[in-house]
Amino acid sequence: MSIPVALQPATVSAKARPARRLTGFMPIIALAVLVAALTVADPGFLTQRSLTAASRTAAPLIVLAAGATLVVLCGGIDLSIAALASLSTVLLALWLPDLGGLATPVVVLVATVIGAVQGTAHVLLRIPSFIVTLGGLSILSAVALVVSGAGTVRVVDDSAVKWLDLYVGGYVPMSFAVAVVVVALIALVLRVTPLHSWISATGYSESAARLAGTPVDLVKVGAFCVSGACAGLAAVMLVSRQFSGGPTMADNLLLPAVAAIVVGGTAITGGHGSVWRSLAGALVVTLLRVGLPIVGVPSAYEQILYGVIIVVAVALTLDRSRVSIIK
Amino acid sequence: MNASTPALEVRGLVKHYPGVKALDGVDLIVRQNEVLGLAGENGAGKSTLLKALVGLVTPDAGEIYVRGEQVKLRSVVDAADHGIGMVFQEQSLVPNLTAAENIVLGSEGAAVRRGVYRWDTMRRLAQEQLDKIGSDIDPLARTDTLTFADRQMVEIAKVLRIEERSQHPPVIILDEPTSVLESKEIETLFAQIRRLREFASVIFVSHRLDEVLDVCDRVTVLRGGQSAGEVATAGAEPGELHRMMIGSTGSDDHYHENAAAPVTAAEPRLSVRGMSGKTFHGIDLDVAAGEIVAIVGVHGSGREDVCRALFGAEPTTAGEIRMDGKKIDLPGTRAACAAGIGYVPAERKIEGMVGPMSVAENMTLTKQRARCTGPFVAPRKQAGLVDRWIERLSIRTPGRDTAIGRLSGGNQQKVVLARWLVAGDIRLLLLDHPTRGLDIGARSEVYRLMRELAASGVATVLLADSLEEAIGMADRILVMNDGRVAAEIACPSGGKPSPLDLVKEMV
Amino acid sequence: MTVTAGVTAAPRRRTRRGAAFRDAGPPVALVVIFGIFAALSPQFRSVDNVQNIVDAAAVLAVVTCGITFVLMMGSIDLSAAGVMGAAALTVSLLVANNRNDNDFGLLGILVAVLLGCAFGCLSGLALVLLKVPSFMATLGVSAVGLGVATLLFAGVQPNISDTMLKGWAIERFLGFSYLTWIAAACVLVGWLVQRYTRLGRYAFAIGGAEEVLTLSGVRVKPYKIAVFALAGAFYGLGGVMVTSQLGAGLVQAGDGYDFSAITAAVVGGTLLTGGRGGVLHSAVGVLLVMVLTNGLVQVGVSPYWQGGVEGLIVVAAVAAAVIPQRRRNQVVK
């Protein structure tokens, strides 16, 4: 063969990098712009009181989004998180009178197991994750309806979950602090163990990961477990705030959670992203939510905004080089 | 245009890919009503040339003339408008449509009026095409219910539609049409090709040189992205063609044969008995420590699946696998890794590496113990380990944190190889086309590495890119044919068999 | 949905026997399940109940008709709920109602259907131009639809007084409500589109081998958008039909229909990976789902379980469809 030796490094995705860099800062920029805009619109916004309220609202969303981020990083999606959280609020409300303080860990454990079941179904039966979790969404909603009798379950004695309603240092809501700790914990575990490279490899290129001996199936099931656990924890936060559980209580958190993940810049195609990004994304989404009424936009626009955000953010962060045909 | 104007002429076609010159000034002439054979080793530029002829690849330089007129081919449709059509190696039919729909797809004409199908017209149009090649396939049969050979007929009928489009005698390209056909089907196909010659020109590509000589009027041989010469087939020998394909291999010891250590181990490291799967049956295979065993075979011989089965990436239905005498079970790739087996996949970019991840991460993806302290990644340990291997394999990279996708192919391949070496527990390496897409310098380095590993006692199974490579590198060669081991040929340094010895067993 | 298949050679020959078995499965299951419930519950086998089942299936049949085309392409559509809500509010505000003086009658219905069409277009454009995977694009469009519906709702429920639209749900012809006949017409139209138009055949082909179409010089993008638009029109009509049933325009008009429709289509034999199934398959699937849910209620299972049953059968049906094609090292996202 007389092919001349050429040793220049291959130019791979040089074009994609500036865009990457931009989307990397996207959530932070969006957050800053939002805060600035809201402060201009309502000088009373940048006060300790409204910030505290906003962060308290954001807490369950942060936790939900952080858990589901792991599934997205693996290249899948978990559409059942909100329904699972709803079911968990019902279970918590039902079990609190009997189990007291134990109810919280038990509910989180049950949610983890449900996540594990979905992950196992996805991995073993080779069903696409979105259809497994869509089915899960439907099943979990049905279970929640049945066990709650389709009504709100009141919590009379909320002493066991009251701690989440406290304030750290008088200003920071405990639920928000817990949410940040959860995100930090997930991020830390990923950082100091091989899990980070396993998850990224699974998300970027599942077949390469498998042929490198990465425990792809375990990683995926694990991601669904964390997603489930986070849904359970989010449910505890919701119950502590609302003093009740309901079969549809968290259902309207699905879209904001998905929006938070994609706004944060985690690619829906998998691999690229982090839980910190989802934290920023969740804050952006929450600010939009509390900010719309401030600038005088009817809250009905909230849904429309979520829809547009999801489509635009996915379009911006998608890694097109890796999927030739998009269905 | 008169009768002597070539139907298709290519002058000085050049196409660069990063790191490799796939086409380096190819010339090609296809006369009217002629069957031209195209032969060449893997990587000689055949597929790039064909793709350029049907508008799938835009050449960097050079001209293409159709019936004496210079043309620019930007898409398959463009090529079809000029009367050039290709029967793709991977069949390009929509499986869930009828044969008729596939035949007229993209140029339905009268069969679809204002978006509404006229099934009668479509059936008639398709029947006309099928009649041209004398096929009796029912045009309204669903394509996925047809046999492979029938589907190929549908494909030829489809390509012939371009005759209507360009209003000229077409040029039909057949890319490896025989690779999955049985001998009777091949006969039918050859009859078709001879019939095509009545009204069209044909470019026929095949690995099997006897076939090329059988069906073609003339053969053009490609080598290293250039035209190495042409042969009139009347009276030509396969050996003559083969010599032209190989040419003179640059250096004398391209494959570092003098570094080959004699195999002394008595017990085989890997011992496979009666392994069967979907595409292979009753495979027996022994590889000793320090030995390189190459498996050769044509496309569809099942050797790729054997290799993957040894890594647990392909299910087996029967058989026994022993490593150093101990029976092992390979339900998945994890088990294979744990048994000290490593695999370098053929599709490096898709299966071998994770492009956006760093060199360090790619290198340490498999063996965690090498970079971890307990369950935690020890950053300094990892950095030291990676740097050591970067130096040891002389991997050219800006740093260990550079994304592997930004390295050249040869360096990427070295990182993939290093993945299996970092822990020092590798016992068997499965190399599936380890030099695919690499330039000659990088190839040579991979060969040197393979020799070093063999000398250190690693057993190697090699699926080589070419027969030359298999012969040059292997101590022993297994020839596979139709899912079975057809022959086992000793291949010691100094007593190498000739490629023709292998070809005899392959077909 | 982005499913990247592993690299393997296609099997050389396939028989039609498996396909015939697949096609026969859902109708046989329908008969068997019907038989079981008929044996278990006298209530179930009454003529009234059978009429009920068929009438209750009407809206789902129309929605499923639409989603079938999207699924045939290998895409997915989660926008039905939002589109139906928006269409329901639109039609209830355009025909005679208690909120305003509009009385456009049929024209109002047409506008609602066109609105659905426009939403479908939006999904298609997001998929084709922005390259957003369809499940994300339609999730977003669904949210937009719900938002539009909420805006139109404006806190006061519009009750319709249009006699024609109300009559659709009440008046009967040959024992079935008008809605049922509309649904039957939709299935017929859907089948004709699937069988005799380029749009329908290409939708089928896109699911079979999109890259081959491109290679043959077919521009698939316009067809993808058109398929989503067609599906949107069906959802719009579905929203109108729900409004007729409820006598009022509700934001939640389409709640649950997106998932039920996917369930029905999948159970009927349409593959989520595309390229198989069709409108008639889906019609059988709709009846299957309705018979199952109605039958369970008749034998005393809480109606709250309906969603759970659907969830289970969709997972089971997809798993059953996937099993024959399972390979090691296959990528499923």
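Cβ coordinates come from backbone N, Cα and C, glycine included.
Same-chain residues lying 6+ beyond the ends of the transmembrane segment (A:25-46) with a Cβ under 8 Å from its Cβ atoms: 263-265, 277, 280-281, 283-284, 287-288, 291, 294-295, 313, 316-317. The annotation transmembrane segment is assigned in TrEMBL to A:25-46 (among others).
For A:58-87 (among others), the entry in TrEMBL reads transmembrane segment.
TrEMBL lists A:99-117 (among others) with the feature transmembrane segment.
Cβ atoms under 8 Å from those of the transmembrane segment (A:129-151) belong to residues 71, 76-80, 82-84, 86-87, 90-91, 94, 114, 118, 121-122, 245-248, 251 of the same chain, restricted to positions at least 6 beyond its ends. The transmembrane segment feature in TrEMBL is assigned to A:129-151 (among others).
Long-range contacts of the transmembrane segment (A:171-190) within its own chain (CB-CB distance under 8 A, at least 6 residues past either end) are made by residues 48, 52, 55-56, 58-60, 62-63, 66, 70, 163-165, 196, 199, 226, 230, 233, 237, 240-241, 274-276, 278-279. Marked as transmembrane segment by TrEMBL: A:171-190 (among others).
Residues annotated as transmembrane segment in TrEMBL: A:218-241 (among others).
If you look at the transmembrane segment (A:253-271), the same-chain residues 6 or more away from its ends with a CB under 8 A from one of its CBs are 23-24, 26-27, 30, 60-62, 64-65, 68-69, 72-77, 79, 81-83, 85, 200-205, 234, 277-282, 284-286, 289, 303, 306-307, 309-310, 313-314, 317-319, 322-323. Residues or ranges marked as transmembrane segment in TrEMBL: A:253-271 (among others).
Per TrEMBL, transmembrane segment is recorded for A:303-319 (among others).
Using the rule of three or more Cβ pairs under 8 Å, pairs at least 6 apart in sequence, the transmembrane segment (A:58-87) is not in contact with the transmembrane segment (A:303-319). If you look at the transmembrane segment (A:218-241), the same-chain residues 6 or more away from its ends with a CB under 8 A from one of its CBs are 56, 59-61, 63-64, 66-68, 70-71, 73-74, 76, 78, 80-82, 84-89, 91-93, 96, 104, 107-116, 118-120, 122-123, 155, 158, 161-165, 175, 178-179, 182, 186, 195, 198-199, 202, 249-250, 253.
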